[in-house]
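For reference, TrEMBL has these:
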type: TRANSMEM; residues: B:6-22; note: transmembrane segment
type: TRANSMEM; residues: B:34-57; note: transmembrane segment
type: TRANSMEM; residues: B:91-109; note: transmembrane segment
type: DOMAIN; residues: B:138-427; note: domain 'NADH:quinone oxidoreductase/Mrp antiporter transmembrane'
type: TRANSMEM; residues: B:173-193; note: transmembrane segment
type: TRANSMEM; residues: B:219-243; note: transmembrane segment
type: TRANSMEM; residues: B:255-279; note: transmembrane segment
type: TRANSMEM; residues: B:312-334; note: transmembrane segment
type: TRANSMEM; residues: B:354-370; note: transmembrane segment
type: TRANSMEM; residues: B:446-468; note: transmembrane segment
type: TRANSMEM; residues: B:492-511; note: transmembrane segment
type: TRANSMEM; residues: B:543-562; note: transmembrane segment
type: TRANSMEM; residues: B:735-755; note: transmembrane segment
Amino acid sequence: MNQLLLVAPVLLPIAGGILMLMIPEKEARVHPIFTELIVLASSAMIWAVLFTGREQGNGAVLFSMAGNLKVFFRMDGMGAVFSGLVSVLWPLATLYAFEYMEGDRRGREFFAFYTMTYGVTLGIALSGNLVTLYLFYELLTLVTFPLVLHDRTKEAIRASRKYLYYSIGGAAFAFIGLVFVLIYGSTADFTLGGVLNKGVPGFDTNVILFMYVLAFFGFGVKAALFPVHSWLPSVSVAPTPVTALLHAVAVVKSGAFAILRLTYFSYGADFLKGTWAHYVVLGAVLVTIVYGSTMAVKEVHFKRRLAYSTISNLSYVLLGAVMMSAAGMAAALSHLVFHAFMKICSFFCAGAVMHQAGRNYVYELDGIGKKMPVTLACFTIAGLSLTGIPLFAGFISKWNIAQAAVGLGGIPGFLAAGVLLYSALMTGIYMMTVVVRAYFPKEGYDETALDGVKEPGWRMLTPIVIFAAVILFFGLYSRPLFHFLQQTAGGSGI
Amino acid sequence: MSGDWILLILVIWPMIGAFLSYGTGRRRKTGRNLFADGVVIAEFALLCGLFACGLLSGSGGVSGMELHVLDFKWEGFCGLGLTLRLDGFRVLYGLVAAFMWMMTTVFSREYFGHYRNRNRYYLFLLLTLGATMGVFLSADLYTTFIFFEIMSFTSYVWVAHDEKEAAMRAAGTYLGVAVVGGMVMLMGLFMLYHTAGTLQMDELLEACRKVRPEKSGVLYLSGALMLFGFGAKAGMFPLHIWLPKAHPVAPAPASALLSGILTKSGIFGILVVSCNIFLHDPAWGMAVLLLGMVTMLGGAALAVFSVDLKRTLACSSMSQIGFILVGIGMQGLLGEENALAVRGTLLHMVNHSLFKLVLFMAAGVVYMNLHKLNLNEIRGFGRKKPLLKFCFLMGALGIGGIPLWSGYVSKTLLHESIVEYTALTLQAKAGMAVMGSPAFFKTVEWLFLLAGGMTAAYMLKLFIAVFVEKHPEKQDEFDWEYKKYWNTESRLAVTIPALLLPVMGTLPGIVMNKIAELGQPFMRGENPLHAVHYFSLENLKGGMVSVGIGLVLYFGVIRTCLMRKGRNGIREYVDRWPAFLDLEERVYRPVLLQFFPWLFGGICGFLDKYVISGIQGAFLGISGAVCQFLDTYVVETAVKVFMAATAFGSRVLDHMTDGIIVLARRTTHRQVKGHRKKVMRDRFAYAMGHFLDGCAALLNKTVRKKHPIRKSYVPNLIELEEETVRTNRIINGSLSFALMLVCIGLILVLLYLLWQR
């Protein structure tokens, strides 16, 4: 039973998505209901596993390829965190998408791939070994590609092509890393502390480290790491539910998740700590943070600004990850969770503004806070949280990351803390300018221009308000969650 | 959650009240005003009650000023947990804060009579009260930080209240300083937490002593970062930039609170750092002292030059904060025997809060009536308004350090502490840890007196401008049209704190000493060895020197250099402060908004544009060229050859089959020539068609009269029959060909088999 419960949530949305393509295009009212049912069913199964005994399940083998290569699902601590997160976000985001996509010509296709992506993301979350992870990682690119392409405009086509090149290219690098783990590891299953076996003949530390760096950058493509980030701002042309969920949460988080798996569960933090590879990836992460937050300040397109903010925040997660310590991993996981809520909330608010008022640029937002008070209030909460103001969730995770950074000690540690500080400042600037503009418009702005603009309907508003409430809740009381994360990271033996 | 709930209520109550008042205000304005008053009065009453209870149950009895300490702890709140505490200092500053909030809230009602967005103002006014209470009640630096940040953000709305260009710019500065300060402070907290392992204020001293010699460097760095963060709020140089900008544009009640109490929350933080982590540390004391000196003199100079009523007061705040910082610095330098400095610091904090409450509200009265703040435009407004004149005078005399007013007491104590240390440096023998030479401290002393003199000078300037001089044109209007310049509520709100000042000043032994005893344990201060005689000749001399300097400055500098004859022959105040001496416009804004994005954006952009794109371009170019080459030469040729070969092969095979068929037609299947039998075709179709047409005609006559069927079925059926016949013929022909081919194949197979055999 338990085995089925692990496999079903992955396969159900994929099958459902394919089925959906068979429902006639005309039955536009059926698509959302069908989608929501499937998504809820999968989420329910995930929650069932989460609450009823994650520990007894030894995992479910879907099928075996040759020998060691099997597609294998298991829910350990990290998988629980990620799958739990995704299973909460997806139904709400789907609800939001109903209103946003109303009247769209290609609604069926959209919802079909949207549902499939859910299954694939869960597959990443639940994968029990690197092979499975890699398989679903590749699949993720393929199922999200049509979503980026959705509008079929010239821009969308260019963006989706770029997305495809980057992702497939990155996966190729990741594949090299995977092969080396298979050869030099004692097992391919994820084991906290790493699986490398130094007894294997031909084990050369430097080569392995090089392979780690390659794989890091390979998976880093999805996590928008600096030299390979530029697909992310481009794909903000996609519809908002896609950008919000996929490019702020599912896709990019899958990248970060894969890196965490790679670092802590395959290569092992002990093996990497203090090596040249450690400093290379740390440097890349720091550069990304500075880059992302700076470019966000310079960007005036609302959604692209948020995309840059994602770049920098994703690297916060990676910064936690490359601390190569239990504290770092716990901090990374906490930011992975909190950032998902903050970013999806702010993206949805941006989407609501675009949908209701048709404003795409930051300088067009003057006075919008008076017309859409609830949306902008939630955006303010998300913005303050991203900046790292106490009482909001972002502060907790940033505190943990910085704590881990200082714990690393030495110049890299302080440098990391300094970069965090700089980035927090820039975050304050790029988020607060939006808030201030919305609530305190410049003198002499045209009040009549916003006539008729009103709050979105309940299907868009509910997710936004829920996410804002979650941010506040975790900001005020995050102890049980953080305790769980520490337990998850605790066994890494550092 | 454990401990005394009442402390949490002290913090939460104004915040709940804020939202309730917002809800009320959506319906009734007056109800909201009364409700807000009620909230702050209840807060004040609650604190008074706690104070009384604490005194009664404390060990020292009512006179001993020793409070029963209350503690509250909420594990896991915001991560590290929330701890609150109520001891002597905290109850004192809680009371001061609640008192100030009470007075300003009452005053706000008239002041905001014609403002927009009042509901928002009240919401954030009360929210900030809760946050400020949280700061002053906090028992660990983490809690302090949390409430500090909330306070910064909620008070931002005050500054931006007007929504005018200047207000927005000032508010932007305020927010910027707050955010930068907050982040830097957070950084300091990280390092402190990492080094000392705790952020609890009462554990910090021990924890830091333990790690002291090895990790001094980290501690100093984290201390400096925290000093930066708290100093930003306190208005310490070089982060004072928001003070002179934010105050003139903020509403007067808000300015009173910003200057009177929010700056003190910064000082509170600095005190926590100085009196726990760096207790009795001369090096730290020296650093704070120097910063304090700069702040004190800089603020005073700005104030002397300013020609705007509220700007002058704002700069004066900065200067007074400098005095307090000097006191904190002296605490560190004096070490164990710092009783005078401790008391001076504490009393000057309290005094300054009250001065600024009175002065800003008095300035608010002027602004509320005239909507102007420039000294040239408001001069003479205060003539024939005795009560306002009295209140302002009380504040001015107090802050100017005139004997018998409270400011004199605290300034004397601070002055005495400098004198004491000068004496120490004089007696310094080898081995004694004394920093600085006697000459240096003599200079410090004189600069201190000079700053005091400048205070007297700029207050005199304000007083004479507003209350003594006549306005060249509008004096009659001022005197007669503004008879009813304030209502009873506002009058009470300004007069009550104004009356406190001379009372405190004339009875220093009773009032001031008690206050000092209440608060000094927080700074780990002891009672002084011998009581201070505030009105001894020695001390009076210091005060008099200051006043003398002030008079000289006023008549020698302000009346000559800072005034000039206007067009109509009347002497005007002019702002001679050089514009280029603006740190914010010259340094901070460009660095933060242009230089940083330019630098990092430029570097990253460069990398992005040239390096990454270059690599990508080169890669794509090379691989493209290779592919192109392969494509055009290798692959294409191969494909061509292959295609040609295949085509040739197929053609040959084609011809073979064709050949067989052609052969067959010529020989076996030759078409028969001769007369073709004429077939009577389509007979069935004709018959069937006519029958159907007949049926249709019948129907047309009976059932389908309205929509008769007009078409004939005959042609349709003929077409159908022809089609069938044609198809049959083709099938027959093809079948026979196919059968023949199969036969040929069979024969070939047979022959092959035979041949094999």
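Cβ atoms are placed via backbone N, Cα and C, with glycine included.
TrEMBL: automatically predicted annotations, no manual curation.
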With the cut-off at Cβ under 8 Å and a gap of six or more residues from its ends, the chain residues touching the transmembrane segment (B:173-193) are 141-142, 145, 148-149, 152-153, 155-156, 159, 199, 204, 218-219, 221-233, 239, 241-242, 245-246, 269, 277, 584, 588, 592
Any contact between the transmembrane segment (B:312-334) and the transmembrane segment (B:219-243), i.e. 3 or more CB pairs below 8 Å with pairs at least 6 residues apart? yes
Lying 6 or more residues past either end of the transmembrane segment (B:446-468) yet within Cβ distance under 8 Å of it, the residues of that chain are 293, 296-297, 300-301, 303-304, 306, 309, 312-313, 316, 319-320, 322-323, 326, 366, 375, 378-383, 389, 392-393, 396, 399-402, 411, 414-415, 418, 542-543, 545-554, 557-558, 573
Positions on the same chain near the transmembrane segment (B:91-109), where near means CB under 8 A and six or more residues out: 10, 33, 36-37, 40-41, 43-44, 47-48, 50-51, 54, 67, 121-122, 125, 129, 132-133, 136-137, 251-254, 256-257, 260-261, 264, 268, 349-350, 353-354, 357, 361, 364, 489-490, 492-494, 496-497, 515, 518-519
Counting only residues 6 or more past its boundaries, what in the same chain has a CB within less than 8 Å of a CB in the transmembrane segment (B:735-755)? 660-661, 664, 668-669
